[in-house]
Amino acid sequence: MDTPDLQSRTSGIDTRLLRGELRQHEPMKRHVSWRAGGHAACFYQPADLEDLALFLRHWPKDEPVVMIGLGSNLLVRDGGLPGVVITLHAKLNDLSLVEQNESGGLIYAGAGVPCAKLARFAASHNLTGAEFLAGIPGTVGGALAMNAGCYGAETWDRVERVTTIDRSGIVRERTPEDYQVGYRHVELQRTPSSDTPDVWFTGGWFRLRPGKMESSRQAVRTLLTARIKTQPLGFPSAGSVFRNPPGDHAARLIEQCGLKGFRIGDAMVSTLHANFIVNCGHATASEIEAIIDTVQNAVHQATGIRLITEVRIIGQLGGSTQ
C-alpha cells in the first residue's frame, strides 16, 4: 500500500519555519522503555510550545498524531505507526516554583518533565505531597493523561490547573472541573461544541503542602529503594502492565496463576514482580502482546477477572510503516 512521503505530508507548511527536528521512518524502539516495536512514519521533536502549535496547525488533519513523553507506558506494535509521533520530553520541560507561602506552594511543570524530577524539585523547596511521583517512571504529561499514581496517591490529587493543546494548535488553560478523573483514567468533559477529539497536556500547576526538605527527600529515597527491591529495573519494561482490579492486585493474581517467569521469545513475565513484562534481549512487540493476551486469558479462566491493561497498545500488526 502506498503511503505519503515526508514532503507530501508537510506540503502545507514551510518547513524552514519549524525550529524542531523532523524525521521520517523513525525506529520507535529508541523512544519507548520496552525497547521494542516498529517505526513511526514521521517523528517530530518540537523546539518549544510555540513550535509545536505551528506544526499542529499545518499537519494534515487526516494524518494521525501520537504524543509521547519517555515512552514508559507504551507498546508500539511491530507494524509501526502511520502519521506522526511527537515527543515532548526533550523540550517541554520547564519546571518552576510559581508561589510559596506559609500554606504551601505552587509548582509549574511542563509535560516533558520526568515525574521523579518534579518530586525532587518539590522536596528541595520544602514542599510535600509530590514524593509519590518518584515512583512513576514517566513524565508529567503522561501522568496527567492517565492519572498515574502509587502508594495511595494520584497525580490529579495535586493538580490546580493544566494547559492543553489540540489538533489545531490552540493552547488552553483548564481546571480539574473540566475533566472526569478516575483510577488511571482522565477524560475531558465534552460539550456540544467539543468537536476536536485530540487534546494533549502540555503542562500543569501542582498545589503542594508545606513540608521539611530532609523528610521529603528521605521519603523519595525510601520509595526509590523500594522500587529497586521490588521491580525489575535492570531490564527494559513499561512498568505495571495491568491495572489493579477493585480490592485486589494484578501481580498477586498473575503469580497465583503460576505465570512468573513465563516467556515467549525474549519477552518474559518478571520473576521479581508479576505485573511487569520485561525485554530480556531482543523481544518484539508481538511477543510482548502475546504474553499480555496469555496473562489476561489465564487470570480470567482461573478467577473470572479480566485484567485491563494500564499500558497503551498502539500501531499496526506486523509488516512495516513506510
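Cβ coordinates come from backbone N, Cα and C, glycine included.
As annotated by Swiss-Prot, domain 'FAD-binding PCMH-type' applies to 36-233. Per Swiss-Prot, the feature active site maps to ARG184, GLU310. Residues or ranges marked as active site, proton donor by Swiss-Prot: SER240.
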Across the domain 'FAD-binding PCMH-type' (36-233), average pLDDT on the 0 to 100 scale: 92
GLU310 (active site) versus the residue listed as 'active site, proton donor' - Cα distance in angstrom: 7
Active-site residues compared (ARG184, SER240, GLU310) - highest count of Cβ atoms within 10 Å: SER240
Integer Cα-Cα distance in angstrom, ARG184 (active site) to GLU310 (active site): 7
